[in-house]
């Protein structure tokens, strides 16, 4: 099994690349720049019977009634009853390339926000001088280096609309994913992976054949990725 690069290797690489020396504040002996590995959260696709006989009819899609059934679980920020304008097209070829560009554009638009991780904020950079003396960098340069490290390990959740099909209401749900097409560590070797998920309550059309076919809407929990972390 391939092991993750050690923290010592990470620090050595920073020294080589930046020509600087980094030491954690408070006399700590180890610098945890990277988050610990997390679960992959395998959110499997739902498998539906292809026979259209199990699809809801037009009379079963009364939006007023369905909104009443869903109640306060309806979240307009993550649910839609009609195709959202920014929903990426499926399929390969040009559509797939356009979707990749849209994903990259969304990634570039996001920047680290909130509180800077303590592991990065606590870094103290010093520049080696003659006779082994050290000199601390200016606050401005130190801040730039910290922001660079933060941006390299930043793992935002990328959201896109997903069509669940006619057997779910609302039919369109905004799902999350982690951008894993580039490494999120220095040196390279780790990628952004799902670390947390939340559940949306949606309605699912279910048919039972016992005593004749009977169908109806039932509430189900639909998981979506809510957090990504830099992991092995």
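Every residue gets a Cβ built from N, Cα and C, even glycine.
The signal peptide annotation in Swiss-Prot covers 1-27.
Listed in sequence order, the residues of the same chain lying 6 or more apart from residue 62 (N-linked glycosylation site) and placing their CB within less than 8 Å of its CB: none are present. The N-linked glycosylation site feature in Swiss-Prot is assigned to 62.
Annotation source Swiss-Prot lists region 'Disordered' at 77-96.
Under the heading disulfide bond, Swiss-Prot lists 155-192 (among others), citing experimental evidence as support. A coil conformation is recorded for residue 155 (disulfide bond) in the three-state DSSP classification, outside any helix or strand. Around residue 155 (disulfide bond), taking its Cβ as the centre, 24 other Cβ atoms fall within 10 Å, counting all chains.
Residues near residue 228 (disulfide bond) in space but far in sequence (CB under 8 A, at least 6 apart, same chain), listed by position: 155, 156, 157, 176, 178, 179, 192, 193, 194, 195. According to Swiss-Prot, the feature disulfide bond maps to 178-228 (among others), an assignment based on experimental evidence.
Under the heading disulfide bond, Swiss-Prot lists 184-230 (among others).
Cβ neighbours within 10 Å of residue 215 (disulfide bond), excluding its own Cβ and spanning all shown chains: 16. What Swiss-Prot lists as disulfide bond is 207-215 (among others).
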Non-local Cβ contacts of residue 207 (disulfide bond) (under 8 Å, 6 or more apart, same chain)?
54, 213, 214, 215
Residue 192 (disulfide bond) CB neighbourhood, other CB atoms within 10 A:
26
According to DSSP, collapsed to three classes, what secondary structure does residue 228 (disulfide bond) have?
strand
